[in-house]
Amino acid sequence: MALSPLFHSNLPSLQFVLLVSIFIFSGSLYASDDPHLSLDYYASICPTVFDIIRKEMECEVLSDPRNAALVVRLHFHDCFVQGCDGSVLLDDTITLQGEKKASPNINSLKGFRIIDKIKNKVESECPGIVSCADILTIAARDAVILVGGPYWDVPVGRKDSKTASFELASANIPTADEGLVSIISKFLYQGLSVTDTAALSGAHTIGMARCANFRARISGDFETTSDKGPMSETYLSNLKSICPAAGGGDNNVSAMDNITPNLFDNSYYQILLRGEGLLNSDQELYSSILGIQTKQLVVKYAHDPISFFQQFSDSMVKLGNITNPDSFTNGEVRKNCRFVNT
Ligand code: HEM
């Protein structure tokens, strides 16, 4: 398993102090029960918004189930940079450097066209009222339901940012070959717990990853973590044909849940129990010697789909409530999600 420099530290107590202090201080970074958000924010000013978004998402997911995954990931990458403020949706301009070209996003983040389409529909019904950040948050919830996942109520009332941060997109978003401790600290920094980290990672029950993000895993310790039986050997050789160790094919894709790739269920955790997680970051939740709590959670969610669904819903509300305090005072409702209003 690829280990981060932190993993090699022989000062576990220092790591613990670091994590605890990040946890304590992160509480004051973002308010999770944000007073600006409420369930009925649009009830009188745009009562049909939830129906419009649901209808559009139904068409998108029906035409290609992968679209559900694209939108869920887009929401996650929005919220980890300046809070859920639609910053990820902004295009580069002469005066603004967006987040789309930051390393976790470039050649990887998709689904912008889906949000544009929904925004157009919403604008024609309720002009200037519904933020892009809210559209993305609601669309992510609908995406999950449409591929068989749980329902949760979405608090709304977010404003769109007038800024984006290339630097924070590069720094805050966890990557496939990052160690577990480092990934957990990125979640704690956002006010999300170890439990949230394990449950939200379950979003990898849908969607695809590119070879560039799983080459190290399949030419690394995949064989060590898996049971080396004929099934896992066949799976590994398939993955190697998609993603040659020698290089090339960086953009070839494989499903992260090879059992039910288009269904939101708990099979992602069952795959981790078998040691066949596609990304290093996935498998570490179960196999890292430092992941005592995450291992217990993986076992629990693998055996109890209801508790996974319950925790995933709660954690998605927490993710969606990561707010950008600046956007509430200086933010706006963009007319076009790709550009700040002129
Ligand atoms: C725990 C740390 C996480 C890491 C290291 C991580 C990393 C990745 C990577 C490397 C990919 C493949 C991207 C590509 O190859 O182009 C991916 C895909 C995806 N991630 Fe994550 N992710 C994490 C957490 C999350 C969370 C919290 C969510 C949502 C709640 C999420 C939702 C998704 C989805 C749905 C996809 C599939 C997208 C598609 O089909 O294009 N991930 N993630």
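Quick reminder: no glycine exception, Cβ is built from N, Cα and C everywhere.
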TrEMBL Ca(2+) 2 site partner of ASP257, THR260, ASP265, selected from THR205, THR224, THR225:
THR205
From CYS211, CYS337, partner that TrEMBL gives for the disulfide involving CYS243:
CYS211
Tell me which of the recorded positions HIS77, CYS132, HIS204, CYS211 ends up closest to PRO174 (substrate binding site) in space, Cα to Cα.
HIS77
Residues that sit under 8 angstroms from CYS243 (disulfide bond) by C-beta distance, when 6+ apart in the chain:
CYS211, PHE214, ARG215, ILE218, GLY249, ASN252, SER254
Counting other CB atoms within 10 A of each CB, which of the recorded positions HIS77, HIS204 comes out lowest?
HIS77
Closest of the disulfide-bonded residues to CYS46 (disulfide bond), Cα to Cα, picking from CYS79, CYS132, CYS337?
CYS132
